[in-house]
Structure formats: structure tokens, C-alpha cells
Number of protein chains: 6
Amino acid sequence: MSFNHFDSKGQAIMVDISAKQPTLRTAIARSTVQMQPATLQMVVDGALAKGDVLGVARLAGIAAAKKTPDLIPLSHPLALHAVGIEFNWNLEAGSIAVEATVRAFERTGVEMEAMVAASVAALTVYDMCKGQDKGISITETLLLFKEGGKSGTYQRDAAL
Amino acid sequence: MSFNHFDSKGQAIMVDISAKQPTLRTAIARSTVQMQPATLQMVVDGALAKGDVLGVARLAGIAAAKKTPDLIPLSHPLALHAVGIEFNWNLEAGSIAVEATVRAFERTGVEMEAMVAASVAALTVYDMCKGQDKGISITETLLLFKEGGKSGTYQRDAAL
Amino acid sequence: MSFNHFDSKGQAIMVDISAKQPTLRTAIARSTVQMQPATLQMVVDGALAKGDVLGVARLAGIAAAKKTPDLIPLSHPLALHAVGIEFNWNLEAGSIAVEATVRAFERTGVEMEAMVAASVAALTVYDMCKGQDKGISITETLLLFKEGGKSGTYQRDAAL
Amino acid sequence: MSFNHFDSKGQAIMVDISAKQPTLRTAIARSTVQMQPATLQMVVDGALAKGDVLGVARLAGIAAAKKTPDLIPLSHPLALHAVGIEFNWNLEAGSIAVEATVRAFERTGVEMEAMVAASVAALTVYDMCKGQDKGISITETLLLFKEGGKSGTYQRDAAL
Amino acid sequence: MSFNHFDSKGQAIMVDISAKQPTLRTAIARSTVQMQPATLQMVVDGALAKGDVLGVARLAGIAAAKKTPDLIPLSHPLALHAVGIEFNWNLEAGSIAVEATVRAFERTGVEMEAMVAASVAALTVYDMCKGQDKGISITETLLLFKEGGKSGTYQRDAAL
Amino acid sequence: MSFNHFDSKGQAIMVDISAKQPTLRTAIARSTVQMQPATLQMVVDGALAKGDVLGVARLAGIAAAKKTPDLIPLSHPLALHAVGIEFNWNLEAGSIAVEATVRAFERTGVEMEAMVAASVAALTVYDMCKGQDKGISITETLLLFKEGGKSGTYQRDAAL
């Protein structure tokens, strides 16, 4: 049993994937932001009228997916073929889930790209609401689904 | 009541801080990663022997703090003067907290730099352990403390 | 008479500004995109309903202002204090003007930051409309105004 | 009729190109800078003797083509296979055209890479001449040609 | 005889590689840092106990390999498939060699990626030791080996 | 005696410089490239006629100085105020020295910015000549001079 970002001497490496064949990879990650219901109401209203918090966060997440090789030290540079961000909210609870989907025809998985996209979109929601709501926080960031590659399909049982 | 990253027409802007005087700003954020106790044991052992997950994550967090203006769309480019990352873990619970402290003598706060540093360090722990532990997740990312600037000191009551 | 990005031997340099005192600098640049009136109508409607071309372009322009030192080879890294993007359109003519305003308390001017922000916002409008409208083009990119620094105020007489 | 950078709900996405086959793509874009004939004379002389404005602008354009995914929010990261920049000038008119050619064997077109390269090279010419010539401006940025992909060849009728 | 980063008019270009077939490419480069034996002893001890200079330098080198297209003006963006950094030292001589190995299935070689990785890892060792040892320097940076592509295998005879 | 990029527990940190006062800092670094005299002759001729290797390398060095915080993990983001690159060559010996000078009014020194600028300019010379001259190498990278800050002036006795 071992960590696959280290070689046999325990040194950090970018693992060799040159012998792997590209296959279609998909990953979906979710990051949830918790705020006061009144703040979330403003966010949701803003998205429809003016002050589009979610539009800004969506773009931040898509841009961040492309920066993954620059952020995660041992990740491979990948040619992303699709990135999308969805928001789902619960107004009573004051929670909003950011769901990032990434797809690429590549030699390794795109889980980290999805995780980074969801995290940075959530951090952007946080940034735009923190002046309004001191207690806002991100309450989870996790992988929901992945497909493609020899390790097969993964589906987390994670009801919102 | 309004969001301060939008102008009066609801358009996203980088808010004008040119009239503000620089003051010393500090912010501390925390991101917690939850994994199986056996995985955490390996991480902690690795840090002492070989396969230094936490050393890699610490550098990823420090590097990410410097990339904040590139990640958070409406944030200002700031001249960071100090960045540090501490880890605290609970072996029985399988949880490890990443605590990022950022300091700068600047016209605006460094909360987002601390939040980004903690998040990216936690994402890097996630990346390095995910092959070992499918269920690993980040269970919180929040601001613990900030000081400096006219909005004063903020201290979250957030026992680990 | 000479170009100030070269030394006395004609070699490209980042000019020494260390002896200059910081002053408040403002620059406003404009980039205009010309498309078919029907396309512009869709852009403008989209901004109000769904498919927010201008919201995406605004964020691209703000982000690009921060990347100016990375794009313009001999420019200085500057601590931008304010960036805003306004759009003004003429539906009959099919033209939309992107106006970028940048401000900083710095040792050199922020004209290039404003020019880059206007250009990249216009390129983003172009990108999002080009599938719809093959003949779309950017018809001007110019400096409208600058203030601060010893060369004084500049105001272009440039009616839209 | 619709914009292809938005999904059916009008949300910005990086469009899924994973099912497309790579083909050879070429795009040529042009950006024209207008200055006083005396300034252009200096630029052209400089390129031959000392103070090489066009050499600096050419490199800025090539470097910018590689940064396109970082500048244009919904663009895909592409593996560029060729980038070149040509200059053509009219000394009497004081105009100089920057022509950028980009080529890649990819799943989507390289129009934006060519547009970004031409724009940033033109902005760099602007930057280096603006101290000399306050009225300098960029008078057009447009796509001249594209080839490859299912939408076929496009050739603009655009005499200089 | 000519330089292959210029066209027939002597203008800098990113050379067209679109007609080449991808093959497996490997390159190994070495950069050597010379310091006082006492400093090197501290570095080596630190790697085993606390203050992990070599761990930091290794990550800096891996990250820099991914930034090669951004650093070397006429280089192509490549999808790196493996990056590793090894250190070998001579305690008596006070010298430590950084050896970077890069591999990719690509249309052009990865020599510059290996050279950049070795250089930046060596510069990071320099940075971390310079407060301790004013006379520290990098005494060589060179290509040891390359394989793949039509120019064949290259092996430098370069005993440490 | 200790390394100043680690805290008392041996953990890597960006050292706190917030209490330091800005002063004028200068640093000069040199990197030397060794090639066959015939290759160097071509480089030097090219700089005067066509195929401007040194012009490309100069811009690469200036651009790289600005990227130092992104390359050197524990370095601070600094507002560079001047960057220049000079070349001096010995045609008989086939050696060319790249000398980078960096200046800033800052809280910490600019040695690493000068070292990075010299290294990347030298790597670019290497890149552009390697097709011509397999044995080319970089034979030294070192700090020549620094001034400013409480550690005082440093002058290396390093005849070319």
C-alpha cells in the first residue's frame, strides 16, 4: 500500500503516464457554501436581477479548472474538453451547492480539475458575500462521480 | 444592504481602494480534510520518514496564496509579506486541519489569500491520498481570524 | 527624440522608475466591437435574460488588467487599486463600446492596464458572438483619458 | 439561433468537444495600428538598426497566443503547433498591420489564439510608441482566414 | 546552416510541428550547485530531519517544467507525462547535482522542460542557502541525454 | 545558524517582512553560456543582421524576472522598478555572459529576480542554439553584486 505521487524512495514525482492510452474521463465534484438564509436570498435574487454573484463564481470555477496544473503540484497538464458549473440551493437552510463537471479524453483522470473548479467557485461565492455575512463558510468539498480509466466508475452516495 | 463587489448598477467591479491607507493586515483560515484513520496515520508517518504529503501540501498552499488575484476574479493584487501553513491532526478521528496565516501591509484585507492557501493545501492533501482512500473529503473551509483595517478584528468561535 | 523602452544602445529594458514618487493614476481606454444589429440585439437581450455575454466579457477584462505585466513585455508590475468595465451600445449601428477604467497609486501610469482590459473584454465579446456572426470585428482600441504623473492629463477628443 | 458558449439555461460553459476528432486547424488574424508617419518611420528604422519595436511586439504576440486559455474565459486549452507574426506597413499612411498565423491539430479552431496574438502584438507596438505619439491607436482587429473543422474555410475580403 | 527558431527572413517564430507524428520523448538535464561543505552538510541533514531544502527544490523544479512554454519564448506547449528530480551530492566537495528527467508522447522534444526543471530546482537550492553561504553558485546546467524524435539519441559524456 | 526560509520547527514559510521598511535594492547576477566559437559568431552576427537570438533572450529574461514569485516557492511578490539584461562575449572562447540587473524599492532583496532573469535568458540562448550546437551548456550562474537592506553591499570577485 502506498501513495502514488511518490517514487520508491518516497520522493515526490509527476507519475509517468506516457504508456497509458487516452480514454474519455469525466469527474463531478461538489463544494457547498453555508450562509444566512437572508444572504442566500440576496444571492439568488441577484442572479436574476443585478449583482450576479453566481455568474462571477461560475466563470471563476471554469478558469480555475484550466489552472489546475499550476495549483496542484504533482498533477499533469491536461487538455480539458468540457467544464460546466451548476448551482443548487436550499433557501431555508441557507446552503448552496456548487457542482463542477469536467471531461477530457486523456491518459489520467480529471478529478482534481473538478475539485479545483468547485472549490474556487465556492471561494468566489464566499468572497462576494463575506462583507454581508461574517459567518459564511464552505462546509464540504468532495468528489461525487468519476468515470473512465482502468480504476473504473466511482459514485459517492452523498445526498445534499 | 448590498454586495461590495458590484457597483450601483449591479455590475461586477474591482472596488476602488486607492483612497485607503495601508495598514497591517492578518488573516487566518482553516480547511479540514477527513480521511480514514489508517490513511492519516500513513500521512503523518510519511511526513516523518518518506513520502512527505504535508510538505508538498504546505508549498502548494504558499504558492496558491500568491496566485489569489488570478483565481478570485474581483480581488486586488496584493504584496504579501508573510505566508505560513500549519497542520494539526486527530489520528483517531482521521481529520487533519490546515491552518493558513497571511500577513501584509496593504489597503485591503488578506482573508481571501488565507482562504485560498488553506483550500489549495487541503486539495493537495486530497490529491495525494485519493488513490488510497476513495472517501476522503474536505469538510470545512472557513475564516478563523482577521485583524487590521477599519472593520476591525474578527475571531470565529470554531473549536476544531 | 527616442522610444523610452530602449536604453541608449537601443536595447529593450524595463525602465527604472525607482526614483519616482507614487501618485494617483487613472486611465480610461475604449475598444469597440462591430457586429450585425441582430447579433447585438441578442447580446443586449441576453444580458437581461439568459446568456450573459457582457457579464463574461466584463470579468475577462478585469482579470486581464491584472495580467498586464505578463502580456506587455516591458511593463512594470503594478498594484491596481480599481478596475471597472462599462458597455455602451448603438443597436441600429450594431456597435458596442467597451470602456475600461483603471486606477492605482503608483510610480508609473496605468494606460496599458486600461488598454489590455478593454481589448480582452472586446475579444471575449468577439469570441462569444463569432459563431453567430462571421463578420464581427473590433474597430478601434484607444486611450480616452489619463491623469496623474508628471506628463499631466490627456483627454482624447473621440466621440463614439 | 443561439450563442454556443452557453448551455440551454443560458449558463456560461466550456463547450464539450470530447467527441470531436482532431483535424488540422489554421487561423489568421490582423490588427492594425495607426500612428503619425514620423513615428512609424522611427519604428521601421529601429527594426533595422537599434530599438527593435517590432521584434519585441512579435515575441509578445507569440507568448500571448500561448496564454489564450487564461485570457478568454470559455476557450479550451489547446496544444499550439505553430505561431508566426508578420508586419506590413504603409509609411505614408502611418499604418502598420500585424498579421498572426496560428496552426494546431486540434478538436476546435484556433481563431481566438490568432486574434489574441495579433491584439497583444499591436498593444505592444502601442506601448512602445505611446510616449512618442499620444494619438496612436489600434484601428482594427479581425479574422482574415480560417480553415479546418466542420464549419469549413472562411476568407474575409479585407484589403488593407 | 541556420537557427531553427527563425524563419527565412530571420524573424522569430514558433516552428510548425503540426505535420510531425507524436513519439515518446525523454530528456535528462543536470544543474550543479556549489556551496561550502558545511552548508551542504546542513542541507543534507535537513532533508532527513527538519528544514527540507531538497524537498522544496524538487517541487519547484517539477512546477517549473510545467511553466516552460511561459518561460522560453518560442517553445511549444507540451502535455508532459512524467517529471522527476534526483539529487546527488559530494559532501567533501560541497557540490550537489540536480538531475531532472522529463518524458512526453509529443511532436517535439522535451529538452527545454528538463533544462528548466533542473535550473529552477538549482535556483531554489541557491535561494534557500544564500543567507547562510554568500559564495554559493550554480556551476553548470546542461543536457545529459535525450531520446525520441528523428534526430535520435544524444548522450553527453559528462562525469559529475 | 539556520536557514531563513524555515520556521523554528523546520517548516517552509514565506518569512514575515511586514515590519521591515522599504529601501532601494539592487542586484546583479550573471549566467554564462559556452558554445562553439562558430555558433557564437552566428549569434553575434544574427543580432546585427537577422535572427536576433540575443533580442529574444533579453525579453525572456525580463519577463522571467517578473515571474520570480511564481517560480521560487518561498519568495515574496515584489514590485520591480527596473530590469535590464546585458550581453558580453568572447568570440575566441565561444562564451557569452548574460548580466541581469534588477532594482526595486522594497522590503526584501531582489537577488532571486536577478538570478532568475540571468538563468532564463541563458536558457533561451541555449534553446535557440541547441539545434546547431549539441554541446552547448550553461557554465555558471551566480550573484555579482547586491546593495540595499541591512545586510549591506555584496560584491563578488568574479572576473569573467
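The backbone N, Cα and C atoms fix where each Cβ goes, glycine too.
Keep in mind the model is a prediction, meaning the values are calculated, not measured.
Here's what TrEMBL has on this protein:
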type: DOMAIN; residues: D:14-149; note: domain 'Molybdopterin cofactor biosynthesis C (MoaC)'
type: BINDING; residues: D:L74, D:S75, D:H76, D:M112, D:E113; note: substrate binding site
type: ACT_SITE; residues: D:D127; note: active site
Rounded distance in angstrom between the Cα atoms of D:M112 (substrate binding site) and D:D127 (active site): 22
D:S75 (substrate binding site): tally of other CB atoms within 10 A of its CB: 24
Among D:L74, D:M112 [binding-site residues], residue with fewest other Cβ within 10 Å: D:L74
Pairwise Cα distance for D:D127 (active site)/D:E113 (substrate binding site) [Å, integer]: 21
Most crowded position, judged by CB atoms within 10 A, among D:E113, D:D127 as recorded positions: D:E113
Cβ packing number for D:H76 (substrate binding site), 10 Å threshold: 23
Three-class DSSP secondary structure - D:M112 (substrate binding site): helix
Helix-strand-coil residue split for the domain 'Molybdopterin cofactor biosynthesis C (MoaC)' (D:14-149), DSSP-based: 49 helix, 45 strand, 42 coil
